Amino acid sequence: MNPSSPPPPLSHQANPHKGRTGLDRILRAAGYSAAGLTAAYRGESAFRQEVFAAALMLPAAFWLGRGWVEIALLAGSVVLVMIVELLNSAIEAVVDRVGLELHDLSKRAKDLGSAAVMLSLLLAGGIWLGALWQRFA
């Protein structure tokens, strides 16, 4: 192989699971997603708190929202917080897997994930406060 030539394209043979297609792929992906949700619920107290809040807030979105757009914003903001929390937990797991020793890049990755959660919470809070203001002011 010439040192200046590009590397050969990655093939599906590198990972035998990448070759799955159709319904088998969808069912396996759904299983992995369920495993991820279960792991987050069991291992992350913040995610459990957000699930509890969502159980209260999602039905409340249908009562508080005055139309489908408002309902979608209210419910979507709650689900967004949970999505960002899952991503933050994934970042933390990968950083911890790499090593538990203190490192500036590890701290930065975890801090950035935490900041993303905070921003999603602020966004959801603003949407809900705005809807409450319109409903009761």
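Using N, Cα and C of the backbone, Cβ positions are placed for all residues, glycine too.
All annotation found in TrEMBL is predicted automatically rather than curated by experts.
The model shown is predicted, which means the values in this text are computed figures rather than measured ones.
Copied from TrEMBL, the annotated features are:
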- Arg25, Tyr32, Glu44, Glu92, Glu101, Leu102, His103, Lys110, Asp111: ATP binding site (BINDING)
- Arg25, Ala46, Phe47, Arg48, Gln49, Glu50, Glu85, Ser114, Trp128, Leu129, Gly130, Ala131, Leu132, Trp133: substrate binding site (BINDING)
- Glu44, Glu92: divalent metal cation binding site (BINDING)
- 71-91: transmembrane segment (TRANSMEM)
- Glu85: active site, proton acceptor (ACT_SITE)
- 112-133: transmembrane segment (TRANSMEM)
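Between the C-alpha atoms of Glu92 (divalent metal cation binding site) and Asp111 (ATP binding site), the distance comes to 10 Å. Cα separation, Glu85 (substrate binding site) to Glu44 (ATP binding site), rounded: 9 Å. DSSP assigns Glu92 (divalent metal cation binding site) to a helix in the three-state reduction. Summary for the binding-site residues Glu44, Glu85, Glu92, Glu101, Asp111: the Cβ-based neighbour count within 10 Å is maximal at Glu85. Under the DSSP three-state reduction, Phe47 (substrate binding site) is assigned to helix.
Each residue contributes its Cα atom, and for Leu132 (substrate binding site) and Glu44 (ATP binding site) these two points are 29 Å apart. Max Cα-Cα distance over the annotated ATP binders (Arg25, Tyr32, Glu44, Glu92, Glu101, Leu102, His103, Lys110, Asp111) is 38 Å. Neighbours of Phe47 (substrate binding site), defined as other CB atoms within 10 A of its CB across all chains, total 20. Considering only the binding-site residues Glu101, His103, Asp111, Phe47 (substrate binding site) has Asp111 as its nearest partner by CA-CA distance. Long-range Cβ neighbours of Trp128 (substrate binding site) (same chain, at least 6 residues apart, Cβ-Cβ under 8 Å): Met57, Leu64, Leu74, Ser77.
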